[in-house]
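Swiss-Prot annotations:
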- THR48: phosphothreonine (MOD_RES)
- LYS59: N6-acetyllysine (MOD_RES)
- GLY65, TRP162, ASN215, ARG407: substrate binding site (BINDING)
- LYS73: N6-acetyllysine (MOD_RES)
- LYS82: N6-acetyllysine (MOD_RES)
- LYS90: N6-acetyllysine (MOD_RES)
- TYR96: 3'-nitrotyrosine (MOD_RES)
- LYS122: N6-acetyllysine (MOD_RES)
- SER143: phosphoserine (MOD_RES)
- LYS159: N6-acetyllysine (MOD_RES)
- LYS234: N6-acetyllysine (MOD_RES)
- LYS279: N6-acetyllysine (MOD_RES)
- LYS302: N6-acetyllysine (MOD_RES)
- LYS309: N6-acetyllysine (MOD_RES)
- ARG313: asymmetric dimethylarginine (MOD_RES)
- THR333: phosphothreonine (MOD_RES)
- LYS345: N6-acetyllysine (MOD_RES)
- LYS396: N6-acetyllysine (MOD_RES)
Amino acid sequence: MALLHSGRVLSGIAAAFHPGLAAAASARASSWWTHVEMGPPDPILGVTEAFKRDTNSKKMNLGVGAYRDDNGKPYVLPSVRKAEAQIAAKNLDKEYLPIGGLAEFCKASAELALGENSEVLKSGRFVTVQTISGTGALRIGASFLQRFFKFSRDVFLPKPSWGNHTPIFRDAGMQLQGYRYYDPKTCGFDFTGAVEDISKIPEQSVLLLHACAHNPTGVDPRPEQWKEIATVVKKRNLFAFFDMAYQGFASGDGDKDAWAVRHFIEQGINVCLCQSYAKNMGLYGERVGAFTMVCKDADEAKRVESQLKILIRPMYSNPPLNGARIAAAILNTPDLRKQWLQEVKGMADRIIGMRTQLVSNLKKEGSTHNWQHITDQIGMFCFTGLKPEQVERLTKEFSIYMTKDGRISVAGVTSGNVGYLAHAIHQVTK
């Protein structure tokens, strides 16, 4: 203590004789980041924080984009637990993965998306790399476009689109444009507006498409509408960039959910594709995803793969191991794959059932509004058509939390609270 005290005295004497030293130290301590402003809170995380502070026993969080069981609890798929047990029993090492990820995972992901009998797979004219979930796949794809897509910097997003699409592409150096997608009057797909806008997009531009379970609206084109969109894309020579975060989770059928992607490829449109296993395997925190580029031939695919690895290396060197092992085990083990497909269908069916129950309960409440769009929409999210002031009332009067645009996560609705939700919605809309 004596030494510490004497040290302080000496430093104080030094500062007295050399006041510039104290001023310099003070400047160094406070001047580097004074210009940095407080960033805005994430709108969805903000909903969750407000929900946590609420003490109402009937409170509902319909903002979170994660599946919940019918008790409102996080759900780990039994097939995932089995895969984890099998992996643990093998006593595997924890060595780095290659830059492109776990080979057996990448192969299985491409097969899941494109179909096991895909001509693209048989000819080898594709490359798939493992990514840090769907967000990582989008960023890798966006960075590849920024570096090698020499025709345009414009990426056309549906209006609306997932909130993270804009910063991902913007931060990669691309420019964002939009095309009509959602019709607020019908709470459905604005097919006429979408086709009209896409047909006017400058040739050799990038068009982002949600493969299934459009986020945030839950509104998807029908197969015949997808066909017409593909025709326009081919005619305008647009590059189709697919985001497929919900394969299997939308309809309960993985092949049905991948129909649009496969149709585009069958029409001779070489696409790129982002996949995520957060929703359909419940591997949210494992960050498991894939990015696939369909190429002209196998030689082009090899060159694209080499450049994707060059992009990945300075970003994160190589992807995480554990989640990819789990996904690969499920996709490549017949009994686990069969079980997983049944579980995915079970999750999708529960969400479809909650949509039906919500509409039924709204009718029981005496609501005269047309709520058919709730059952017409698909996937985890539903655009209710509620106005911001109605959303505010739901929060203040009923402790029901959602984003201001009226989007709800149907996964947060259970057989135990759907009646309360219907009552609250009726009260703010009657």
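Each residue, glycine too, has its Cβ placed from N, Cα and C.
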Candidate nearest LYS396 (N6-acetyllysine) in space, where candidates are the recorded positions SER143, LYS159, TRP162, LYS234 and distance is Cα-Cα: TRP162
From the modified residues LYS73, LYS90, SER143, LYS234, LYS302, pick the residue whose C-alpha lies nearest to the C-alpha of ARG407 (substrate binding site). LYS73
Counting Cβ atoms within 10 Å of each candidate's own Cβ, which of the recorded positions TYR96, TRP162 comes out highest? TRP162
How many angstrom lie between the most widely spaced Cα atoms of the substrate binders GLY65, TRP162, ASN215, ARG407? 11
Among the recorded positions listed here, LYS234, ARG407, which has the most company in the form of other Cβ atoms within 10 Å of its Cβ? ARG407
How many whole Å apart are the CA atoms of ASN215 (substrate binding site) and LYS279 (N6-acetyllysine)? 12
Using the Cβ centroid of GLY65, TRP162, ASN215, ARG407 as the reference point for the substrate site, which residues of the same chain not in that list have Cβ within 8 Å? GLY163, PRO216, MET380, PHE381, SER409
Do you know which of the modified residues LYS73, LYS82, LYS279, ARG313, LYS345 has the most other C-beta atoms within 10 angstroms of its C-beta? LYS279
For GLY65 (substrate binding site), the spatially nearest of the modified residues TYR96, SER143, LYS279, using Cα atoms, is LYS279
Report, in whole Å, the straight Cα-to-Cα distance of LYS302 (N6-acetyllysine) from LYS345 (N6-acetyllysine). 36
